[in-house]
Amino acid sequence: MSVEKAPELRVLSFNCWGLRFVSKYRTERLKAVGEKLAKCDYDIVLLQEVWSIYDFQEIRNLVSCNLVYSRFFHSAAMGAGLAMFSKFPIIESSMNKYPLNGRPQAFWRGDWYVGKGVATASLQHPSGRIISLFNTHLHAPYGKGADTYLCHRLSQAWYISKLLRAAVQRGHIVIAAGDFNIQPLSVPHEIITSYGLVNDAWLSVYPDQVEHPPNRFSMNDKELVEIAGTTCDSRLNTWRENISSKDMDDFVAKRLDYVFHSPSTCEAKNAKVVFLERVPKLDCSYSDHFAIETVLSIKLQPIPVQETRVSYSIIDDTLGITYQYMARERLHMRLRIAHLLISIPLIIGVHVAIAWCDPAWLKVIILFFTVMLTIAAVVNGFCIGLLFGRWEFNGLLEFVAELKEQKLLCKQYLVDHPLPFAKS
């Protein structure tokens with residue numbers, strides 16, 4: 001009697017660094033990505049930072065023989081940069097924007113303007129089961145100093161974990177992938193794996209791995225990729241920034257790209273970092289990230305969902321970070337509103353003073369000064385301080401309210417319904 005073989009899914013996630021007018025050799029690199037994907041036998045491909053619809057169409061045309069179904073997601077002013085390719089029919093899809101997603105005054109970052117979020121799709125697998133697919137790109141920390149965007153990234157991790165949890169509870173085959181901009185076993189990582197009811201595929205395949213393997217400093221560049229799973233800032237990547245000699249042990253190489261899966265419906269059989277080669281003729285890496293490839297085996301008989309909740313310590317840590325951030329942002333909001341209130345009488349006074357000014361050129365200078373003062377007051381005081389300040393603050397209040405609810409549930413479950421909790 002033959003034993004039925006469990007079907008497998010070969011999944012790829014890749015941040016393609018496709019920023020228009022910024023990324024070098026963007027068109028050539030993304031075309032090379034499409035050409036390489038066309039030669040591979042992936043079932044599902046999730047791409048991030050594909051900002052141009054034309055780049056998406058180029059890749060789609062190249063891979064359409066194998067990956068018949070595709071979706072490009074639109075969001076905000078500049079687009080989400082998220083794309084999906086699949087062998088299986090896409091029966092439903094949507095773009096879910098994060099409630100907290102950077103600040104408009106940091107226009108050079110761009111996160112607020114691109115409307116980052118979670119691209120979701122439901123795929124019809126030949127077995128008749130539904131694959132719930134999630135593709136995302138969380139807010140980057142930016143810089144080596146204090147991570148002022150950590151609170152937003154925690155909120156984003158919480159938001160996607162709620163979507164994942166709902167899909168797992170429906171019994172779907174859940175796969176979430178992308179550039180999460182988080183370190184393994186960090187607070188955002190713990191939120192996703194515990195409340196989202198998913199496993200980190202890399203840790204599923206290599207359970208002994210932690211954030212920094214004990215023998216990390218004895219590893220060469222290749223081992224750091226193959227064993228530690230680093231996908232960003234590796235010395236093997238030609239786009240890595242120049243670093244000083246004190247970083248020779250590859251301190252800055254990080255594992256930021258992930259594939260998460262629902263352990264109740266599928267099992268991670270293999271995980272590896274790919275797209276390590278250089279683009280032919282250009283002699284450069286395909287992107288400033290490497291890609292992560294995972295092979296998942298679909299369980300013929302799904303097991304009951306083991307419902308975990310976020311631990312007390314994780315909730316407390318998250319609340320502490322959020323309260324600290326709220327205090328800072330409340331101060332900034334009040335200062336900006338004060339700027340607006342102070343500017344109003346000042347603008348009126350300058351307008352009155354123009355009547356007593358001679359010669360005419362001085363009036364022009366004062367009028368120009370008044371215009372600039374008005375623009376600064378409206379943009380900084382009204383738009384950023386009042387409108388966005390309240391927008392962000394209300395988003396933070398909602399985040400805190402949901403965390404407090406979870407804290408109460410943790411206490412109630414500990415008393416009445418003991419459940420396995422995530423490791424704190």
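Residue 1 is the first one shown; counting continues down the chain.
Cβ coordinates are placed from backbone N, Cα and C, and glycine is handled just like the others.
Taken from Swiss-Prot, the feature Mg(2+) binding site applies to E49. Following the DSSP three-state reduction, the secondary structure of E49 (Mg(2+) binding site) is strand.
In the three-state DSSP assignment, the secondary structure recorded for N181 (site 'Important for substrate recognition') is coil. The site 'Important for substrate recognition' annotation in Swiss-Prot covers N181 and is backed by similarity to another entry.
Other Cβ atoms within 10 Å of the Cβ of H289 (active site, proton acceptor) number 27 in total over all chains. The active site, proton acceptor annotation in Swiss-Prot covers H289 and is backed by similarity to another entry.
The feature transmembrane segment is assigned by Swiss-Prot to 335-357 (among others).
The feature transmembrane segment is assigned by Swiss-Prot to 364-386 (among others), with sequence analysis given as support.
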Residue numbers, six or more beyond the limits of the transmembrane segment (335-357), whose CB comes under 8 Å of its CB atoms: 363, 366-367, 369-370, 373-374, 376-378, 380-382, 384-386, 389
Same-chain residues at least 6 apart in sequence whose Cβ lies under 8 Å from N181 (site 'Important for substrate recognition'): H137, L138, H139, A140, P141, R153, L256
Same-chain residues at least 6 apart in sequence whose Cβ lies under 8 Å from E49 (Mg(2+) binding site): N15, C16, W17, G18, L19, G81, H137, D179, S287
